[in-house]
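Visitor: Would you mind keeping the following structure in view while I ask a few things?
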Amino acid sequence: MDYEQVRAVDSAVADALAGEDTRQEETLAMIASENHVSKAVLEAQGSALTNKYAEGYPGKRYYAGCEYADEVEQLAIDRAKELWGAEHVNVQPHSGTQANQAVYFATLDPGDKILSLDLTHGGHLSHGHPANFVGQFYEVEQYEVDPETGYLDYDGLAEMADEFDPDMIVSGYSAYPREVEWERIQDVADDVGAYHLADIAHITGLVAAGVHQSPVGVTDFVTGSTHKTIRAGRGGIVMTSEEHADDIDNAVFPGGQGGPLMHNIAGKAVGFKEALQPDFEEYAQQVVDNADVLAETFADHGFEVVSGGTDTHLVLVDLRESHPDLPGGEAEDALAEAGIVLNANTVPGETRSPFNPSGIRAGTPGLTTRGFDEEATAEVGELIYRVVDNHDDQRVIDEVSERIDELCAAYPLYE
Ligand code: DSN
């Protein structure tokens, strides 16, 4: 985009926006939680709906002039119901964390007990980290993955639930590469009489496309964000049954938010329509196929891949075996210099600081949106290994950077 209007008012912001466009075009976005939305979603998010207050819900607003806001929000709701097969959907949460907040607020009292996965094992801040409001308002215990296999320890989770007697069990993760067996966790929740929240923020698109099993209709609540594998722009979503519909709607508004971000809800509506097209299933399958190839390539070169592979869109590498002196943050920096943007990540059994942990996390949603297939992704896997293995060799970083430039030009983003 040329940002002509912005430039006329504010050249500093116009320069930064143009710089970001170029950065996204000329580097590979491999942060597993990121993706690239279509120009249609961008346009909807940049629309005049940003001006509109629409507190309330379609047909029942606290402001006049909501006829188009109603139309857009109802379309987003109806399309989400069709995509995920949910009885009730709330599309107003500003983010995945605020979607989780709504579920806690609807179901728990301060001091109630939450059982969730530890952050360093793949959980999310909003599942109960002490620095997050969840860790401070509720009593939280955390389960872990099996240190040997990297898979969820379902039996350990059941034992912990038995002892801790939680009011809420949280499943769904930020850095867990394997398929989640929602029904096994639901059985545990049933046994101890706890609610079950499945946070599918990372895998919304995979679930919608049927390439990962769905928790909808299995767990009490499903939350997600709308800008990751589903490509519908920034925001959050809550799905539940009719039984909990009013409680969730009241917890989102007025419980936790004021006016909904109607321009973002327009983006969600457009992105959901795109995801309802037949080619979205192909996209989601390709995301998983590409991640599988990436994991294989890493393993072939000697990286320790957590859990030995992936069933999803992400691959987690524990660098401690192959590169014991290289913290994830330094690997992240060297890769960024070469044009491969991913993030350092904690790994199960983490021994370093969360600010400079022992692993790196790589995702394929962004590459796949650009059109990368398995062959192209395997090449990226090799380039990643090369940079990590030669992180202090500027010549190698420059060579890889040149190849990344070629790949970005061959798979353009916004033509
Ligand atoms: N912070 C995001 C991630 O990178 O996984 C999740 O919200």
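Using N, Cα and C of the backbone, Cβ positions are placed for all residues, glycine too.
TrEMBL lists these features:
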type: COMPBIAS; residues: 347-356; note: compositional bias 'Polar residues'
type: DOMAIN; residues: 8-384; note: domain 'Serine hydroxymethyltransferase-like'
type: REGION; residues: 347-370; note: region 'Disordered'
type: SITE; residues: HIS227; note: site 'Plays an important role in substrate specificity'
Visitor: Provide the number of Cβ atoms within 10 Å of the Cβ of HIS227 (site 'Plays an important role in substrate specificity'), excluding the reference atom itself.
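Guide: HIS227 (site 'Plays an important role in substrate specificity') is surrounded by 26 other Cβ atoms within 10 Å.
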Visitor: What does the DSSP secondary structure composition of the region 'Disordered' (347-370) look like, as residue counts for helix, strand and coil?
Guide: 6 helix, 5 strand, 13 coil
Visitor: Where does HIS227 (site 'Plays an important role in substrate specificity') sit in DSSP terms: helix, strand, or coil?
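Guide: DSSP call for HIS227 (site 'Plays an important role in substrate specificity'): coil, neither helix nor strand.
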Visitor: Taking every residue in the domain 'Serine hydroxymethyltransferase-like' (8-384), what is their average pLDDT?
Guide: 97
